[in-house]
Amino acid sequence: MEDNRKRNMERRRETSRHAARDRRSKESDIFDDLKMCVPIVEEGTVTHLDRIALLRVAATICRLRKTAGNVLENNLDNEITNEVWTEDTIAECLDGFVMIVDSDSSILYVTESVAMYLGLTQTDLTGRALRDFLHPSDYDEFDKQSKMLHKPRGEDTDTTGINMVLRMKTVISPRGRCLNLKSALYKSVSFLVHSKVSTGGHVSFMQGITIPAGQGTTNANASAMTKYTESPMGAFTTRHTCDMRITFVSDKFNYILKSELKTLMGTSFYELVHPADMMIVSKSMKELFAKGHIRTPYYRLIAANDTLAWIQTEATTITHTTKGQKGQYVICVHYVLGIQGAEESLVVCTDSMPAGMQVDIKKEVDDTRDYIGRQPEIVECVDFTPLIEPEDPFDTVIEPVVGGEEPVKQADMGARKNSYDDVLQWLFRDQPSSPPPARYRSADRFRTTEPSNFGSALASPDFMDSSSRTSRPKTSYGRRAQSQGSRTTGSSSTSASATLPHSANYSPLAEGISQCGLNSPPSIKSGQVVYGDARSMGRSCDPSDSSRRFSALSPSDTLNVSSTRGINPVIGSNDVFSTMPFADSIAIAERIDSSPTLTSGEPILCDDLQWEEPDLSCLAPFVDTYDMMQMDEGLPPELQALYDLPDFTPAVPQAPAARPVHIDRSPPAKRMHQSGPSDLDFMYTQHYQPFQQDETYWQGQQQQNEQQPSSYSPFPMLS
């Protein structure tokens, strides 16, 4: 008996196991069939699906067909087979995601793209309550706003909907880490909510727009928007304080609103908003400071020429800490839909033109009238022209004395100033309507009248070529002359009827150089020059005569200073080393009463005045850093040796300091005796011991000059 009972129990257990196995197999087949019927569980975002979630999704699909059946299009038999308008392509082009929520806040449907923005899949949201994924304070606002949209059947519903910002849970951190649903973060999502009446109640259609998940923090995304939204796609960036005063405006803002004539810095952003859209913008700004991020509905900004710009703004609040104090500002990215006239924006909405928008998108303001008749203008952006030109010791001009009166300083208002005194005089003048200094470099602005030679006048005080600085090409300065060979020209006498025009700018440097008596080298025979500028030499000096020479003035003549007033100095265009007569310095010293040694009543014998030759080694051609060229093997030995010196740095040339030989060393018969001691005599008495044998020295000096070779080198330190 006992054995039969055990045998029956084993048979029953085996039968029960087979029944349970068969039951589980049938349940699995049923769930497999149900899974095949539910469309959303076959998406790629579904990683794991339990049977409870499958039943929840299946029940939600059945509820969706019942509740939203009359508000959704069910007849898909006549669907156009064009792949461009399929459901998949439209969902991919959609910005954000779409949810369908029942009146009891149950999520009936959500698009697959929700996983990109919140990290939650369709199966995680479908069939569950929206309350579980919203911030508690935001759900109360959503419930209140959705009830305002619910209207009885037969009444006209609001086709535009309402905009609100709701904070939803996200399971992806800003750095891309996956989180648990219990430790999820809240993220601001801008929703556009529509409500429709269904058989089972009201159904809400919600479109959510936000930043994709795992793309960084809100501050980082706002900074990225500031940098990368300056594109020609109709978007521009502004930055505001907490009271919406503009602190930064992009260039696109001036292009769209045509506000380049009026600065917008410091003005309120509300001044640009159309009065009819002020309530929309103010409500969006309140939500911005409460939730940190918004996307406004479409509104209008007042533009120039009686036009309106349709704008949609995405704003973000940025919190920063500066010097221990927390601050906050707003970054707005404005997307421009188009520009239309003020009267056109008041047109009643129709089916062909929804929301009162213009038909022609991105219509620009016609600004052709602003550019008719204007010629192209080339603006120098690299070469900056200073306000005053650098003082060149080679281009000095002495103002002529006309009619025994002092010349009047009349600087050309359109010319560039040659000294800081002229600049200060121009800045503090009593004529505010006078034109400012010239903007571009032009030789015509500095040229007055072509200088003419005066045969019987005094010699030119210029040390180098006395032609106008602007008459020489700028590009040849500081570069080696390309032409080789002798550059000698004969002396020429000019007519005495020509007059020199007034110099517009009086140079104190020229006065100082003329007083110092900067002389011409007495040992020049040929015009061979190894300087950078290809300028011809002046008169050739006889090596046998080392005396001081004057152009157009014989050595045996005497010059009375009192009779030189009113005579114009000659500025020869071919003089390179033109002499600087002592008479010019006397005339200037008499005019300004600054000559310490000479008086105006003495005649001067100037054929045998001895002057010490200045050191011309400092007059090597100046080479700018940008004009440096590779030295070739064809350079003269002097230049090649000069550029081979170690630590050679080009520098701006300076005028050599000419020093006259002490007056006691000149021949006794031709000394200029003063009536009393002067400052110059005192200086040479303290620092210079004259030779005692003056007669013997001058006799030997004359013989030595006759025997010395007639070659001259501008670099005495290398010769």
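Yeah, the Cβs are placed from backbone N, Cα and C, and that goes for glycine too.
Here the candidates are Pro621, Pro656, and Swiss-Prot annotates Pro621 as 4-hydroxyproline. Of the given residue ranges 122-144, 398-420, 697-719, Swiss-Prot assigns the label region 'Disordered' to 697-719. The region 'Disordered' annotation in Swiss-Prot falls on one of the ranges 154-173, 354-373, 374-393, 534-553, namely 534-553.
The DSSP breakdown of the domain 'PAC' (296-340), given as helix, strand and coil counts, is 0 helix, 36 strand, 9 coil.
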